[in-house]
Every structure is written in C-alpha cells, then in structure tokens.
C-alpha cells in the first residue's frame, strides 16, 4: 500500500534517525572501547584530576548549548517547541557523527578507538558549528534538511580545523576562527543557495512577542554566565586558563554595557532593542576567544569586548538590511552580526597581539590543548620560532581566510543539495509554526482533526 503524501515527511525523519543510530550502535560495538583501568595509584590520581578539572567545564558547556542556546532561538513566537527540540536533536546527532569521524581520522589505533571525556568534548565543539549555522535558516527548513546540513557540515569543519590549527599553526583557543567564523559563513552559504530565488518577505509569524523575547533574553543570560567555560576549557590548566577566564569575563562585561549604550543611541526614542541586547552582550565572548589566554593587559579585553558589541549592534541596524536588499541574503538569527563580524574582529586582534607580543615575556605566547588531545602549544611555539612574529601574523590571517572561504563555498554546495524535493522543505505559508511538526493540544491553534494532514500535504505540493 502506498504511503499517503501527507505522512511521507514524518516517515522520512524517523527512518533517517533510526538508520543512523542503528549504524552507530554497530560501530561502537565493533570499534569503540574505554581505556583499561590502571593499577598504578599515580596514574589513577592523574585520571581523576583530569576528570575533576574538565567535567565542571563540560557541564557548563552542556547548559550553554542545551538550555542557553535553545532558549535564545525561541524569539519566534510560534516556533518555540521546534527551536528547542531541533537544537537538542542537532546537538546529539552532530556530536555522535563528529565522534565517529574524529575517531576514524585521528584516534583509530590497532582496530580500536579509546573513548574519553576529552574526545567527547571536542565532538561537542564540532556540534556547535551546526547549532550556529542553522540560525541563518531557522524556521524555514525542515528537520530532514537540518540533519542533512549537519551531516555535510561536520566533516568539512573537521577538515577546516585540521588545516587551520595543525597545518597553519593558528592560535585560536576559544574557537573564534575555527568555530564562529566557519559556522557563520557556512550558514550564510546554505541560506543563499537554499533561498536563491528572491528576497524572503517578512512572515506574519516571524515578529517576536514580549513573551518570546523574554524567553530569548533568558537564554542570553544563561549563555553569558557560562561562556568563560567554553573559552577556557581547552587552555592549559594554570596561568593560561586563569587568564582566559578573566579576559572573557572582562570582555563580556564591557560588551553588555556597550550594547545598552549603542542600542539606545541608535533608536530614535532612546529605548533598547531586545534583539540588540540578546546578541550584542554575547559578542565580546566571540571576539575574545582567539586571544583569551594571551598575556594582554586587562584594558585590551575591555576594549575588544566594547568594540565587538558596537560592531554587532551596527550590523543588526545597518548591515543585515543592506545584505537582504542587495544580495537577497536571509540571516534569520543574525549570525553574521553575532558570530561573523566579532569573529573577524577577534582574528584581527590576534594578528595585532602577535605583532605586539614581547618576545622576552614569559607567557606571552598562548598555550592550548590540541583537538587530538595533546599539547599544541609546544608545536605552535616551535613553529612560531621558526617563522617569526610576522610569519605567525600571516598565518593568523590565512586561517581567517581559510575558515571564511572554505565554509562559504561548502555552504553554497550544501544549500544547493538541500533544495531536493524529498527533504520536504516547508512552504512559505507554513514556516515558523510548531503545528507542522508537533502535536499541540490547543483547539485555538488546531481548528480541526484534519489540519495536520492538510499541512503535510501542503508541505509537499506547494512550491515556495
């Protein structure tokens, strides 16, 4: 018996996820294991110290991604269930997919992959790129499209990170270049290719309400509180990690205050824009990541946080409308303003920090843990010594170019693939609506028992 058209998208999603999870179970059964427990007391204490020092940071990052980022995306009043659930689903899917790929490419020895907390943490960093990128097309893409986007983005991110960190020796402990810049331009590339026909008009369900903006602002506050853990978790414990925490707190504090100033000055009545506040107060955390563990003066962290907030607010006020008019570019969540522009600013700050770093000052060169689990600082410092300060500055610039250029090209190709009809892209009239994906017990929102079937049929038949 043929599957009715209205149920086909709903069958595709569990089929895709079921096959993925089944394949992952088989992969783990065959190739993944834990390290053998050590009988030496010293080794046991070393492992315990590593767990106790890393797991609190790991928990903070989990709260950021699951709760903070999920709530930040609930500014769309009728898309809150979808924003939270799809964010949670993509985090788990992308983390497991990254864990498999990283295990095969970097940690596959003697037919086994030894799993530990550090590898899980690195896989979550890879998943962050997906969570940021989908902000460009939030509300206008189906869950199947988002999963295919994640499937494509993770391997491209891993390749980009390897080139930037390992080959070029770029210093980026907080992921400003490797995560924020990459994910921003990948998402914009997907958006441009997916919605290439015409400029998307303002949707009637797109305008935030006071309650949805309040939930989004709560998400901002959660992200603001836990952001230092995201930046500092890969730093060497000790002075470098201490500096990263302090510099991040200073940058984000200055960014929050500057956001209020800039938003008030740009609005004619002097009132605050909630969109500016939800994003501008986080821009300092994006920009500071690349230089967070350097021995720069505290005033530099304050200045970078303030400048990044100004850039973010100006981007929302002027650049986003301009890109929409001139390039027909859709950026639903303003990821270019929160992640792209502050990321570029942070990369420029890293070039300046390298050029101005005193050669004879201890701790002036950053120290970070490599994604593979070793100490990347020794390799980077040796490379820095060979190529000189000017060479390292050029490498920082080259890393920015690779992150932006490769991600934009890959995003355009991925966005073209997402236009396949089988991925069930929702039509314009049904975008930004939870009732297309969730069974909501609300008669006011669901006038009849056949409404879901009508929405499913429209989702397949109507062309945007």
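The backbone N, Cα and C atoms fix where each Cβ goes, and this holds for glycine too.
Residues or ranges marked as domain 'Ammonium transporter AmtB-like' in TrEMBL: 24-420. The region 'Disordered' annotation in TrEMBL covers 443-464. According to TrEMBL, the transmembrane segment annotation covers 12-34, 54-76, 88-108, 120-141, 162-188, 214-234, 246-266, 299-319, 340-357, 397-420.
Within its own chain, the transmembrane segment (12-34) is flanked in space by residues 93, 96-97, 100, 103, 108, 111-116, 143-144, 147, 422-424, which lie at least six positions past its ends and keep a Cβ under 8 Å from the stretch. Long-range neighbours of the transmembrane segment (214-234) within the same chain, counting only residues 6 or more positions beyond its ends whose Cβ lies under 8 Å from a Cβ of the stretch, are 54, 56-58, 60-61, 63-64, 67-75, 80, 121, 173-175, 208, 241, 244-245, 248-249, 252, 256, 274, 277-279, 281-282, 285, 288-289, 292-293, 368-369. Between the transmembrane segment (299-319) and the stretches 54-76, 120-141, 246-266, the greatest number of Cβ pairs separated by less than 8 Å involves 246-266. With a threshold of 8 Å between CB atoms, the same-chain residues lying at least 6 positions outside the transmembrane segment (340-357) that come near it are 171-172, 176-177, 180-181, 184-185, 188, 283-284, 286-291, 294-296, 300, 304, 307-308, 311-312, 315, 319, 364-365, 389-390, 392-393, 396-397, 399-400, 404.
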